[in-house]
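Novice: Before anything else, here's the structure in question.
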Amino acid sequence: MTGIEAVLTVDLGAIAANWRQLAAAGPVAGVVKADGYGLGTAPVGRALLAAGCRHFFVAHLSEGVALRAAIGAGPMIAVLNGFPPGADDGAGLVPVLNGLPDVAAWTAAARAAERALPAILHVDTGMARLGLDAGELERVAEDHGLLAGLDLRYVMTHLACADAPEHPLNADQARRFAAACARLPPAPRSFANSSGLFLGPDFASDLGRPGCALYGINPTPGRPNPMRQAVGLEAPILQVREIAAGTPVGYGASWTAPRPSRIATVAAGYADGYLRALSGRATGILAGRPVPLVGRVSMDLITFDVTDVPPPAPGDRIGLIGPGLTPDDLATAAGTIGYEILTSLGARYRREYRGA
Ligand SMILES: *Cc1c(COP(=O)(O)O)cnc(C)c1O
């Protein structure tokens, strides 16, 4: 058997360049939650560190512990979902405090430790997901003693609609965040995600938190993508078959050849994050030419109509993500967002890391 592995290529040079581009406009962290948006916590973390990044955000405690092992002591690693005092086992992670119960737990830990403990205070300004709600903010604003023992590294909030610049909630959130910060003890602020960094001066802060833009997802939907693409995916053709007009292809016989056709069967499927919703809606690239995906996406296999291109051979690779075929393009075809395409990328690919 030849060429039976699919290859995921991650361009660490592009990720580093994307971070530097955003950092040139103001201080930014690197958001590397969910295994670096599916591209690998350790290689992505080290590439960002080498580019100059000194502040990192993950979602889970375990992601923070893994990142610390990869990048060493020094840089701030904040855990968005928070964690109980002591649970980081000496990894030196900074909790994001998402409500008064979190604040109470960490101030109690600071009292017990008889020293200030670093923390980030999250204020909800319009998502109703995590962060101090209006009532909790009021209590802390009235009594700063509730934060005693905390070394507030940042006060943060998160935008709900940053990818829709005209949405009125953006300006509301900027106003509410400024008002909240004015009532809290003075601390640096952390505000915009990737798209928020493109919304203008009202959304600038002491630490932006870009994620998706680092990985080449367009932070300005509907406008040209200012970021460099960081991911390529190629999967091998297992077989090429000639079928007669009227022959159905794949589960559910959802596609039937309208003419004598040549079908390439390729080793990737929804178990690899090539979403089943792409069935009949995506294209691949074969020797520089687009070829339509036909039939359903199976767990481990997909089929392309290669009738109109020079006949390929088993072992040839079809590009599933690449130049001119971005994660955002796949997302549009699947009815989702580029974030979900990246974070769904499977574990069965051989991963090749380029540049740094
Ligand atoms: C995921 C996340 C980010 C990064 O968002 P992008 O849209 O990927 O830039 C920033 N802040 C918080 C709180 C997040 O959850």
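Every residue, even glycine, has its Cβ placed from backbone N, Cα and C.
Dumping what TrEMBL says about this protein:
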type	residues	note
MOD_RES	Lys33	N6-(pyridoxal phosphate)lysine
ACT_SITE	Lys33	active site, proton acceptor
BINDING	Arg129, Met299	substrate binding site
DOMAIN	230-354	domain 'Alanine racemase C-terminal'
ACT_SITE	Tyr251	active site, proton acceptor
Novice: Kindly assign the residue listed as 'N6-(pyridoxal phosphate)lysine' to one of the three DSSP-derived states: helix, strand or coil.
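Specialist: Once the DSSP labels are grouped into three classes, the residue listed as 'N6-(pyridoxal phosphate)lysine' ends up as helix.
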Novice: In whole Å, note down how far the CA of Tyr251 (active site, proton acceptor) lies from the CA of the residue listed as 'N6-(pyridoxal phosphate)lysine'.
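Specialist: Counting only the Cα atoms, the answer is 35 Å.
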Novice: Per DSSP, what is the helix/strand/coil residue tally across the domain 'Alanine racemase C-terminal' (230-354)?
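Specialist: Summed by class, the stretch gives 24 helix, 49 strand, 52 coil.
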Novice: Please classify the secondary structure at Arg129 (substrate binding site) using three-state DSSP.
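Specialist: Its secondary structure by DSSP: coil.
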Novice: For Tyr251 (active site, proton acceptor), just count the other CB atoms lying within 10 A of its CB, please.
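Specialist: I count 14 other Cβ atoms within 10 Å of it.
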Novice: Given the recorded positions Lys33, Arg129, which one is most crowded in terms of C-beta atoms within 10 angstroms?
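Specialist: The largest 10 Å Cβ neighbour count belongs to Lys33.
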Novice: Cα distance, Tyr251 (active site, proton acceptor) to Arg129 (substrate binding site), nearest Å?
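Specialist: Cα to Cα, Arg129 (substrate binding site) and Tyr251 (active site, proton acceptor) are separated by 39 Å.
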Novice: Give the sequence-ordered list of residues that share a chain with Met299 (substrate binding site), lie 6 or more positions from it, and have CB atoms under 8 Å from its CB.
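Specialist: In sequence order, the residues whose Cβ lies under 8 Å from that of Met299 (substrate binding site) (at least 6 apart) are Gly269, Tyr270, Ala271.
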